[in-house]
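Pulled from TrEMBL:
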{"type": "ACT_SITE", "residues": "Lys12", "note": "active site"}
{"type": "DOMAIN", "residues": "69-144", "note": "domain 'GHMP kinase N-terminal'"}
{"type": "BINDING", "residues": "Pro97, Val98, Ala99, Ala100, Gly101, Ile102, Gly103, Gly104, Gly105, Ser106, Ser107", "note": "ATP binding site"}
{"type": "ACT_SITE", "residues": "Asp139", "note": "active site"}
{"type": "DOMAIN", "residues": "213-273", "note": "domain 'GHMP kinase C-terminal'"}
Amino acid sequence: MPQPLATRAPAKINLTLHVLGRRADGYHELESLVAFAGTGDDLRLEPAADLALEVGGPTASLAGNDADNLVLKAARLLADHVEGLRLGTFHLTKRLPVAAGIGGGSSDAAAALRLLARLNGLPLSDPALREAARLTGADVPVCLEPKARMMRGVGEELGEPLNLPRLFAVLVNPRVPVETPAVFKALGLQPGQRLPGAEHPIVERGSLLDTLKAARNDLEPPALRIQPLIGEALGLLRQTAGCRLARMSGSGATVFGLYVDCAAAAEAAKDIRRARPGWWVKDTLLR
Ligand SMILES: C[C@@](CO)(OP(=O)(O)O)[C@H](O)COP(=O)(O)OP(=O)(O)OC[C@H]1O[C@@H](n2ccc(N)nc2=O)[C@H](O)[C@@H]1O
Ligand SMILES: Nc1ncnc2c1ncn2[C@@H]1O[C@H](COP(=O)(O)OP(=O)(O)O)[C@@H](O)[C@H]1O
């Protein structure tokens, strides 16, 4: 039986994000421990002669024009690199908040590459697939095989998958978009500028929470200046029972809290939904 051409595009969470400096081309050098959530978008591919996309789901209208969708960008880039690539119509069910620091578009693009790889019998290690991912966006390579790992460089240098202990999390987004370029700009680094001493601590499974606490998200202070609701969301998480750490993911505005157990996370999510009924709130496992 052929496998159905469908896959989940999970939310990406930057458990940590250190900025080491800014390259001459303007992009920033990062060290980030990335994990993936149980919640995400869904993508299906119906084989056909031409490339097409249909978008539905609760956040579809926020994802921009279908023509500019990262699903199509990734598919076109792969088609440029692989002669005779079999294509089709993608059906995207969009649930994740958009421009939210959880790489929804990047994860959708990576999911499209996974489905095209399956349809065309390409391994995920195929250099053309890796190149299409890199050219689609900085966060796409890490989403290609969504497993917890260190991400370095601009996002293209990936560590081996890490077998993290289960992390019981609550994700909170105040439903305000935050644009990634604006947050990097607000950091205020000059091209070529290095930040000595910004290195990430070594990740050890046994003392993961201590490592996470010793690390940080360097994009949190500039994002907070741009969007104060991020601070409000962090404050709400920190007030909930059993919250061991609360931090922003990526360039925001989504923040996450880590909890002692699954019940504490579910209770915290309930509390925050009650306090802010209009916000996007999910309790989920990170891995
Ligand atoms: C900040 C991160 C952390 O994982 O996540 P998000 O907040 O987007 O989820 C990523 O680095 C975002 O990756 P992605 O959103 O794919 O970035 P791209 O589309 O390639 O770049 C958008 C813009 O972000 C800036 N950018 C991005 C990555 C990087 N390492 N340095 C940068 O300076 C550049 O200004 C670039 O023009
Ligand atoms: N499939 C998609 N899902 C979400 N946004 C998309 C998608 N394709 C293109 N975009 C555009 O990409 C930008 C970044 O979106 P997103 O990936 O959600 O950000 P973030 O990485 O900060 O969570 C948005 O401005 C949106 O218009």
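The backbone N, Cα and C atoms fix where each Cβ goes, and this holds for glycine too.
Automatic, uncurated: that is what TrEMBL annotation is.
Listed recorded positions: Ala99, Gly103, Ser107, Asp139. Those with a CB atom under 6 Å from ligand 1: Gly103, Asp139. With the fewest other Cβ atoms inside 10 Å of its Cβ, the least crowded of the binding-site residues Pro97, Gly101, Gly103, Gly105 in this structure is Pro97. Residues Pro97, Val98, Ala99, Ala100, Gly101, Ile102, Gly103, Gly104, Gly105, Ser106, Ser107 make up the record's ATP site, and a Cβ search at 8 Å around their centroid adds Ala11, Lys12, Leu96, Gly250, Thr254 from the same chain. Restricting the average to the domain 'GHMP kinase C-terminal' (213-273) gives a pLDDT of 98.
Taking the Cα atom of each, Lys12 (active site) and Gly101 (ATP binding site) are about 8 angstrom apart. All protein chains included, Asp139 (active site) registers 27 other Cβ atoms within 10 Å of its own Cβ. Not a single one of the recorded positions among Lys12, Pro97, Ser107 has a C-beta coming within less than 6 Å of an atom of ligand 2.
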